[in-house]
Amino acid sequence: MGRGRVQLQRIENKINRQVTFSKRRIGLLKKAHEISVLCEAEVGLIIFSPKGKLFEYATDASYVILSLVMIILFFLF
């Protein structure tokens, strides 16, 4: 029997929210790496923390990074 569904709602406690963000960020970066290795996919991932700190992952291809920059610029301007 699997886990139940998680109710998605904002975590009110600031410390718990930061801990959850850190744990889920690590998991998301790991999944991005896994899909790039298993499927030989070009992957680019950008995460901004609530405080604006940037976390990113990209496969070796430089065009993935360029594409991500273009997407960011598109949404910012």
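Numbers here mean position along the shown chain, with the first residue as 1.
Just so it is clear, glycine is given a Cβ too, placed from its N, Cα and C backbone atoms.
Taken from TrEMBL as is:
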DOMAIN    1-61  domain 'MADS-box'
TRANSMEM  57-76  transmembrane segment
Outside the transmembrane segment (57-76), six or more residues from its ends: residues with CB under 8 Å to it: 29, 32-33, 36, 41-46
For the domain 'MADS-box' (1-61), the mean pLDDT of the predicted model: 89
